[in-house]
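J.: Take a look at this one; I'll ask things after.
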């Protein structure tokens with residue numbers, strides 16, 4: 001099957017591959033470059049960066065690197081610009097600005113301000129006749145799609161999202177800011193007992209502390225007091241105070257050797273019932289060795305959909321909820337019906 | 001959250017609920033009736049049956065039952081007709097005929113002839129300006145969506161579908177036809193070793209025998225020879241010969257007491273890699289106490305989408321691949337973005 005599937009894919013590659021630009025080149029931008037290399041229907045126009053272009057080396061070494069400010073000259077060359085900046089300061093500015101020039105995809109993930117960000121991107125995209133998909137990736141992204149499916153398929157039910165085991169960048173940063181910490185990473189872990197209770201079809205009410213635990217690996221600075229550091233971490237409001245947190249002290253060598261990867265994942269579980277109380281459980285699970293590469297793969301699949309929705313005149317801000325699954329695949333609809341339905 | 005969500009739902013119920021007809025009233029039709037009762041935005045116009053209407057009693061006892069042949073007179077009263085007949089003989093005839101009169105949803109599940117059935121429904125639906133969603137449910141249906149998502153998100157990978165533990169109607173029927181069998185059920189089980197190998201991120205090549213096992217519970221007819229019956233079952237071509245099959249002999253009382261439910265479920269797993277070989281595993285799992293009620297719940301959610309796609313002028317045959325997830329929910333798009341993204 002693999003063989004014939006490959007043949008079909010190739011036969012479907014159009015004369016005109018989808019031309020992708022990468023806006024920002026950190027872990028996510030590198031992941032987008034790698035993901036495009038695995039598609040049969042896309043080509044990478046270039047990387048656009050606010051750093052000095054000559055200081056940026058791409059994964060393949062073959063991709064042109066341009067200054068960010070040259071983007072407005074490239075509106076005719078790029079079908080979809082994949083915005084790879086962060087949600088804190090990059091995207092709130094870049095998202096609306098770029099949606100006035102390009103079709104875009106981004107991974108804006110500040111849940112609380114999504115409605116505001118949607119509106120800020122929607123207006124310029126509509127005015128310019130562009131399509132801008134926001135908040136794509138895995139959460140928000142495919143996890144969101146599964147929360148929606150769960151609720152729509154089983155209206156009588158509860159949805160649970162568990163994250164981990166995974167490296168949390170924000171929490172790692174918080175630990176690194178503690179006086180006496182020379183280096184650190186933080187992992188979020190779903191609590192086994194809570195996951196099992198939900199999977200079994202119960203609909204427990206779970207406190208924050210019951211759903212997840214947190215595990216820190218910390219390198220102490222010279223002369224730092226381990227107990228004081230531990231106490232400062234586990235009591236930190238918002239980040240750790242509401243969780244059961246374990247702090248492990250390790251050497252700088254161990255940190256570099258054992259904790260350089262960026263695994264993540266989790267579960268979305270909908271536990272519902274139908275009819276006279278039949279239990280129905282739906283679970284969507286990700287186990288990712290590379291969080292940024294999976295997010296990037298989602299951005300690239302949705303960039304394909306954005307290109308098609310733009311061509312179909314569906315302009316403005318969009319989310320994963322607006323995207324028919326078939327638009328994500330490079331294969332023709334008839335092949336999808338024959339092979340995957 | 002449950003409380004405020006309910007309030008929002010109710011506030012969104014339009015003055016004009018979506019009017020649903022049920023075509024055919026077996027297990028699936030009963031499930032559709034039960035599922036509609038859990039929606040805030042649909043009303044059930046009636047059940048249409050080829051049996052004598054007075055012999056059919058609905059779950060609630062409140063739903064009018066009409067003769068099938070009265071359907072052509074009801075085209076103005078029904079927004080979506082949910083076809084609950086079987087794939088073998090009902091739908092090949094009813095699907096095309098009803099798509100000329102109504103927007104429809106069905107659960108056509110003969111995988112091999114889906115392209116042919118799609119074409120047979122598409123022509124009359126287009127001619128009549130109707131929208132006809134075929135092959136909805138869980139497989140084909142939400143499992144298909146997850147096969148597509150897996151392939152689109154992780155182009156370098158393999159997809160595995162495992163079914164069970166679940167009651168297989170077709171295989172149960174096959175066992176019942178064996179001479180000497182007075183009653184029987186058959187369960188399909190995913191093979192634990194195969195599931196674990198796939199979950200671990202390997203991409204094993206699995207034979208039919210390695211993926212699933214089959215378990216039969218058989219009531220012998222008076223005087224039947226157990227060993228002859230067992231041998232006939234396990235050697236049955238297509239149905240059992242390629243599997244490891246266990247045959248358990250039970251009493252008629254045990255069959256009735258322990259095997260009347262219709263559980264099912266399974267997994268769709270995409271095992272892929274990104275970048276320089278990082279393993280990424282996506283798993284979608286269903287654990288269903290009632291197979292027909294879950295299928296019915298999917299039909300009802302997709303009926304909502306069909307109503308909206310029809311109103312938007314998207315006519316012809318459709319599949320789950322054509323349906324944007326947001327169309328499945330009764331809630332406004334802005335609420336979905338705020339609460340689920």
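Any Cβ shown, glycine's included, is placed from N, Cα and C.
From TrEMBL, here are the annotated features:
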| type | residues | note |
| --- | --- | --- |
| BINDING | B:25, B:26, B:27, B:28, B:49, B:50, B:51, B:84, B:85, B:86, B:87, B:107, B:108, B:109 | NADP(+) binding site |
| BINDING | B:163, B:188, B:214, B:264, B:291 | substrate binding site |
| DOMAIN | B:137-290 | domain 'Meso-diaminopimelate D-dehydrogenase C-terminal' |
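Neighbours and distances for these, please.
T.: Long-range Cβ contacts of residue B:25 (NADP(+) binding site) within its own chain (separation 6+, distance under 8 Å): B:47, B:49, B:51, B:56, B:58, B:65, B:84.
Sequence-distant contacts (6 or more apart, same chain, Cβ under 8 Å) of residue B:291 (substrate binding site) comprise B:138, B:166, B:167, B:262, B:263, B:264.
Averaged across the domain 'Meso-diaminopimelate D-dehydrogenase C-terminal' (B:137-290), pLDDT in this predicted model comes to 96.
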J.: Between residue B:87 (NADP(+) binding site) and residue B:188 (substrate binding site), how far is it from one CA atom to the other, in Å?
T.: 20
J.: Rounded to the nearest Å, what's the C-alpha distance separating residue B:85 (NADP(+) binding site) and residue B:214 (substrate binding site)? Just drop the number here, would you?
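T.: That separation, Cα to Cα, works out to 26 Å.
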J.: So what sits near residue B:188 (substrate binding site) in its own chain, CB-to-CB under 8 Å and at least six residues off in sequence?
T.: B:163, B:164, B:165, B:166, B:168, B:171, B:212, B:213, B:214
J.: Around residue B:163 (substrate binding site), how many other C-beta atoms are within 10 angstroms of its C-beta?
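T.: By my count, 20.
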J.: Rounding to the nearest whole angstrom, report the longest C-alpha distance spanning B:163, B:188, B:214, B:264, B:291, listed for substrate.
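T.: The two farthest binding residues have Cα atoms 18 Å apart.
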J.: Any same-chain residues 6+ apart from residue B:108 (NADP(+) binding site) with CB under 8 Å of its CB? Would you list them in sequence order, or say none?
T.: B:87, B:91, B:95, B:114, B:117, B:134, B:135, B:140
J.: Would you count the other CB atoms within 10 A of the CB of residue B:87 (NADP(+) binding site), including those on all shown protein chains?
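T.: Result for residue B:87 (NADP(+) binding site): 18 other Cβ atoms within 10 Å.
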J.: Given a 10 Å Cβ-Cβ cut-off, pick out the one of the binding-site residues B:27, B:49 that has the most other Cβ atoms nearby.
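T.: The residue with the most neighbouring Cβ atoms within 10 Å is B:49.
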J.: Of the residues named as NADP(+) binders, B:25, B:26, B:27, B:28, B:49, B:50, B:51, B:84, B:85, B:86, B:87, B:107, B:108, B:109, how far apart in Å are the Cα atoms of the most distant pair?
T.: 23
